């Protein structure tokens with residue numbers, strides 16, 4: 001019985017996992033988050049649930065408030081290492097302002113970071129999240145390895161709308177990774193293959209050279225093919241149907257020459273026909289050898305010192321809302337947190353957004369109709385005024401005729 005209880009307890013602990021940091025941005029967030037003092041003109045943050053929400057208190061997040069600003073804010077938590085464990089970083093972002101150029105990513109920092117001096121050049125472990133500027137819309141996954149930042153080599157597209165989206169990064173101790181967008185997998189693989197962190201396993205043999213007699217021409221000119229005797233024809237010839245104008249004066253106009261036209265017998269440049277090259281050996285491939293600088297690393301996923309999270313972004317148009325941040329070693333924990341936050345917000349937000357769009361559409365239709373009705377009414381009024389003027393002119397004309405008739409009688 002004790003053994004069974006021990007096993008059940010062990011399973012429960014494994015399922016629950018460890019949550020290193022969780023943030024839902026209530027009114028007490030400023031006790032945990034520190035605004036950087038690196039620059040005097042950094043953008044300010046505030047709390048907001050946005051235009052469309054389910055539960056205002058639960059859906060309130062951290063919102064950027066000023067246009068054309070850099071934003072730097074960070075929070076510390078107990079230092080940990082993900083050695084031998086899965087690392088899950090998850091959060092939501094809502095670009096409710098219809099962002100045109102700006103970031104929506106977070107950075108995992110080392111525990112010794114000075115939060116008041118946090119800025120764009122501060123060393124970080126991982127940078128993850130959406131970045132949009134013009135046509136470039138991608139999800140950044142940047143991993144720091146031995147002091148150098150490495151971008152993922154495969155494109156991970158970011159959504160570009162005004163809805164809330166959830167971003168999840170999973171790093172596993174077997175050096176594999178996965179990126180989830182709204183709980184759906186959008187990219188996965190292994191770190192060594194999808195980042196240029198390590199030198200390549202193979203390199204071109206520096207001592208190998210293509211033999212001088214190596215022929216890469218698949219086809220060659222037929223040496224027995226000769227140009228026909230009648231091939232050479234001028235590209236343009238005098239127009240045989242042209243006639244000198246009758247009023248042409250040779251002394252005044254010079255000697256008359258017929259205009260030139262395309263020669264129908266012109267065949268262009270002659271080229272010998274092509275035949276297969278009997279000496280063709282194919283494209284020469286440079287031999288490769290093992291790269292002496294390559295050394296495998298089973299711990300590309302590993303960060304021995306994770307102790308803070310920061311938001312370091314530039315935004316042309318403010319209004320982005322960050323929320324529901326969780327850092328854990330358990331995907332189950334991240335999913336459970338998502339169920340209590342993002343998954344409750346998503347359907348309600350979408351419904352309210354559609355209702356708002358429909359209401360706005362109706363308003364625009366009503367405004368357009370009112371404008372058309374007003375224009376029609378004004379047009380009818382002008383036509384009535386014109387008719388009245390014409391009637392008045394006719395009436396005046398008749399009165400004038402009567403006056404003239406009376407004058408004649410007198």
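Each residue, glycine too, has its Cβ placed from N, Cα and C.
Database features, via TrEMBL:
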type	residues	note
BINDING	105, 107, 124, 131, 312	alpha-D-glucoside binding site
COMPBIAS	202-212	compositional bias 'Basic and acidic residues'
COMPBIAS	213-224	compositional bias 'Acidic residues'
COMPBIAS	225-246	compositional bias 'Basic and acidic residues'
COMPBIAS	247-256	compositional bias 'Acidic residues'
COMPBIAS	346-379	compositional bias 'Basic and acidic residues'
COMPBIAS	380-391	compositional bias 'Acidic residues'
COMPBIAS	392-410	compositional bias 'Basic and acidic residues'
DISULFID	101-133	disulfide bond
REGION	198-256	region 'Disordered'
REGION	346-410	region 'Disordered'
SIGNAL	1-16	signal peptide
Long-range neighbours of the compositional bias 'Basic and acidic residues' (202-212), counting only residues six or more past its ends (CB under 8 A): 284, 286-291
Candidate nearest residue 101 (disulfide bond) in space, where candidates are the binding-site residues 107, 124, 131, 312 and distance is Cα-Cα: 131
Whole-number Å value for how far residue 133 (disulfide bond) lies from residue 107 (alpha-D-glucoside binding site) (Cα to Cα): 19
Other same-chain residues whose Cβ falls within 8 Å of the Cβ centroid of 105, 107, 124, 131, 312, the recorded alpha-D-glucoside site, in sequence order: 103, 106, 127, 128, 129, 140, 142, 310, 311, 313
Helix-strand-coil residue split for the region 'Disordered' (198-256), DSSP-based: 4 helix, 9 strand, 46 coil
Contacting positions for the compositional bias 'Acidic residues' (213-224) when only residues 6+ beyond its ends and CB under 8 Å are counted: 271-277, 279-284
Composition by DSSP (helix, strand, coil) of residues within the compositional bias 'Basic and acidic residues' (346-379): 34 helix, 0 strand, 0 coil
Residue among the binding-site residues 131, 312 whose Cβ has the most other Cβ atoms within 10 Å: 312
